[in-house]
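So the structure is just underneath, and the comments pick up after that.
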């Protein structure tokens, strides 16, 4: 029977089919190939194992890193916040007790869990990947079925290396065409979310397809899959291809020799069959897409950067109207204001959405030879210690520092403000992260989600801007058009 | 897990869509390493506003939250469910729940009952017109009763069964341990292992 990519990966991991059929079917028991762990959602799960006297079944399929709570300054000193320090120490103790590999602060492979997995070559096509973090969908860029889970499920995976799941529906997101210069993967996914809404993908696995997706790098595909959850979908996928294999090859945990050949042979089967059917289809035209930005307090409240803040009265649905009114009040915005007139206080370049080396390169290419708006603060937080090292080897740190940006150590940082990197009440931020929820980046903070190149252009002008709004740089640094 | 069959308590109308998990519990409370004690964290930003529904009697003693569509979006934090439970909520009604939140609720014995938006609107009006009205959520019959309103709700059969029986997921799965072991023996050798650690 013809199958979609998601169905193929699902079927290859069924340990035990649930009894019954249709709506009354019990969940399938799926094997989990890789369990990623971090300090925030794991302590209660480890404690659960301890209380029940259960071992962690597969330490060799589990890896932990410190990311959410970690400071991005003074990482050689004890963490100042005592509760954060306790949580990190608890992870260290738990990993030692249960035999889990851990990349701690200061280690070259420490960093955001969704940056570290792919970078080590642990994320591979056709795998099932889970983590107590909703942005686990990132790993779907490799053709893996990857999803976020709650702490009870974290404990379940620790104890059994499986998850009980009911099959998802499948949705194809077809993106055909060629992105224009300055338009990126981030704009694709923000436009998808604005189109289908924050609940549109609920119950589905999304598969991103089409010529525009095929043309994207792995870093860019990760940006797209990362925000599947913002459209309500627990997972998003891209079928693996040469771009995927090229990225994988030579990574520390990539297969080698005969294993590589066997793996590629299998990976080549991981595509949706021509005659398979999706439960839903969404089309997006890459040719006409413009840089996209959010104006509200959920990721579906977005418009093209060239447009204006919408008027709540124009929303037909009463709930959407009320949500828009509330959002504008929180964001301190007037309907009808051109998005490009909105002045920001802070620019944040980072998060599991946009903190990989290509994101840093793309932003650096925009600011090279230009001056930062003196009133804007810019924070650059690489996704992992290794990305930071790589950027420094290329001299990107100098570009950011010369521009006047703060060059930090790796972690989740201002994406969710669990560490000291937070917005002040009322502060406005152009952020390459994934959520513009009320208070997400700090109590009272106001977030506009943007791509790395829009973030960079905004730091130059002080108002939400696209690279095409900039005057030519004095030293006319080449602007990459293939940026993520 | 405690069994859930039927609950009656004061209904709290939360007229808002897209109540994300950062609103239910901000990240700053996620630094704790315990599974309980999150009642102060629930809606902590909104509770600073005296007009917020949970700052008004009798709603502050509510145990059935009646919310707008797309409840529990965003982060996978199970802390959102712990905070609702610690505050005293036994059930949440919404026309649409985020997948991960709904899953987490099922694991923790918080009933996430999917009620049609038209019925939610009727219940909101009833609760606003007569504050303190009790809402009964009956998992056996999958119905919600509020004043004269009787509305059906949806929940998947497996979660319903587990809630009614109060079953622990891990225990259920470990009954099939032989199947897991058999599956493990069939995994191809090219699949990666985290140990021994390799670094670049």
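For all residues, glycine too, the Cβ spot is worked out from N, Cα and C.
Annotated features in TrEMBL:
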BINDING   A:352, A:412, A:415  [4Fe-4S] cluster binding site
REGION    A:463-484  region 'Disordered'
Fewest other C-beta atoms within 10 angstroms, as judged across A:412, A:415, which are the binding-site residues: A:415
Coarse DSSP state, helix versus strand versus coil, of residue A:415 ([4Fe-4S] cluster binding site): helix
Remaining residues near the recorded [4Fe-4S] cluster site, that is with C-beta within 8 Å of the centroid of the site residues A:352, A:412, A:415: A:67, A:68, A:112, A:135, A:350, A:351, A:353, A:355, A:383, A:411, A:413, A:416, A:433, A:434
In the chain carrying residue A:352 ([4Fe-4S] cluster binding site), residues 6 or more apart in sequence that have Cβ under 8 angstroms from it: A:112, A:113, A:114, A:115, A:135, A:138, A:226, A:383, A:412, A:415, A:434
